[in-house]
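K.L.:
A single structure is presented below for examination.
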Amino acid sequence: MTTLSLPAPAKLNLCLHITGRRPDGYHELQTAFQFLDYSDWLHFEWSHHGSDTMSPGLPGVPDEDNLILRAARLLRHEVRQPLPGVHIVLDKQLPMGGGIGGGSSDAATTLVALNHLWKLGLNGNRLAELGLQLGADVPVFVRGFAAWAEGVGERLQPIQPPEDWFVVLHPDCEISTARIFTDPGLTRNSTPIRIAPAFEGDVTGLRNDCEETVRNLYPEVGDSLDWLSQFGPARLTGTGACIFGRFPTESRAREIWACRPSGINGFVAKGVNRSPLHTELTERT
Ligand SMILES: C[C@](O)(CO)[C@H](O)COP(=O)(O)OP(=O)(O)OC[C@H]1O[C@@H](n2ccc(N)nc2=O)[C@H](O)[C@@H]1O
Ligand SMILES: Nc1ncnc2c1ncn2[C@@H]1O[C@H](COP(=O)(O)OP(=O)(O)OP(=O)(O)O)[C@@H](O)[C@H]1O
């Protein structure tokens, strides 16, 4: 029987500047994160086996590499005490390799949910530190507030961008984050910008430094960006493949979604500054 069901929402990088590369190969970024009210769902139930399991599996991802089970293992390693086994059912909605952070969000939801179910009492800072070991995008999902991020994405400052509606298009390709970050032509020397103390997340005039590389490697992403740009500024999220356009009303976003080029996937969703994970957890507990 399901004990707890929680969402793992998507994120958008409203902008993404790459300001340097660390000796370990990771890139220093400046990015504005906002969540979308569009999520995977994870259902947690106690297991009779005493070990942690999940279903269904993800195509091409062995269970032991799945960020959900890796998050559970990391927590067990952190507290080193006997804990009951958990079975996690994943209702996958977010496209993989889409730049909307599905795997990282699944990991964050697992950390937050198991910390709660196992009554571990780890605070948000510790959970975010653990999350960073799983991926650069995990901390923002653990903390759950829209954020201006620096470092590799772990130094977070709350922002309040408008909670507009987004058309998210997913051109028919899966992009490996590592592939883009290792591309010799990637811009890695953007001048760091200083945000004003009153910065709320207005990214007008800012950009995604991965866009040129992604356009070169995946012309279908460029085609989608060009199509969506007819209606307003369109941008890549993360390293792609998803792109987005922002609209002030749901009806306008749905109007544009309805006339998208045939065969292109995606969705319409509202931007939210508090993660649906945290909203749901507060309501459920
Ligand atoms: C592009 C973003 O989505 C923006 O939010 C993130 O920076 C990517 O975060 P993520 O998917 O959690 O990335 P990770 O799983 O930590 O790293 C995947 C690969 O991307 C590269 N990587 C990632 C993040 C970063 N700041 N610099 C990097 O160079 C590394 O080669 C790494 O092997
Ligand atoms: N639970 C999971 N959900 C999705 N992908 C996972 C999961 N666990 C491991 N992965 C691996 O992580 C890779 C990246 O998946 P994800 O969907 O997070 O990409 P993304 O949206 O581009 O991420 P980001 O924006 O954080 O770079 C997948 O191709 C897959 O190999």
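Any Cβ shown, glycine's included, is placed from N, Cα and C.
Pulled these from TrEMBL:
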ACT_SITE  Lys11  active site
DOMAIN    66-144  domain 'GHMP kinase N-terminal'
BINDING   Pro95, Met96, Gly97, Gly98, Gly99, Ile100, Gly101, Gly102, Gly103, Ser104, Ser105  ATP binding site
ACT_SITE  Asp137  active site
DOMAIN    208-258  domain 'GHMP kinase C-terminal'
K.L.:
For a Cβ distance below 6 Å to any atom of ligand 2, name the binding-site residues from Pro95, Gly97, Gly101 that qualify, or say none.
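P.N.:
Those binding-site residues that pass the cut-off, since their Cβ is under 6 Å from ligand 2, are Gly97, Gly101.
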K.L.:
Can you list the residues of the same chain, besides Pro95, Met96, Gly97, Gly98, Gly99, Ile100, Gly101, Gly102, Gly103, Ser104, Ser105, whose Cβ falls within 8 Å of the ATP site's Cβ centroid?
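P.N.:
In sequence order, the nearby non-listed residues are Ala10, Leu94, Gly238.
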K.L.:
I'd like to know which of the recorded positions listed (Lys11, Gly103, Ser105, Asp137) lie near ligand 1, counting only a CB under 6 Å away.
P.N.:
Asp137
K.L.:
Kindly report the helix/strand/coil residue split of the domain 'GHMP kinase N-terminal' (66-144) according to DSSP, in that order.
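P.N.:
Counts, helix then strand then coil: 44 helix, 6 strand, 29 coil.
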K.L.:
Which of these binding-site residues has the least crowded Cβ, counting other Cβ atoms within 10 Å: Gly97, Gly101, Gly103?
P.N.:
Gly97
K.L.:
Would you mind reading off the Cα separation of Asp137 (active site) from Pro95 (ATP binding site), to the nearest angstrom?
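P.N.:
About 16 Å separate the Cα atoms of these two residues.
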K.L.:
Identify, in sequence order, the residues in the chain of Lys11 (active site) that are 6 or more apart from it along the sequence and have a CB within less than 8 Å of its CB; answer 'none' if there are none.
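P.N.:
Residues satisfying the criterion: Phe33, Gln34, Phe35, Leu36, Ile100, Gly101, Ser105, Asp137, Val140, Phe141, Thr237.
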K.L.:
Just name the most isolated of the recorded positions Pro95, Gly99, Ser105, Asp137, going by other Cβ atoms within 10 Å of its Cβ.
P.N.:
Pro95
K.L.:
Could you give the mean pLDDT over the domain 'GHMP kinase C-terminal' (208-258), rounded to a whole number?
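P.N.:
Within the domain 'GHMP kinase C-terminal' (208-258), the model's average pLDDT equals 97.
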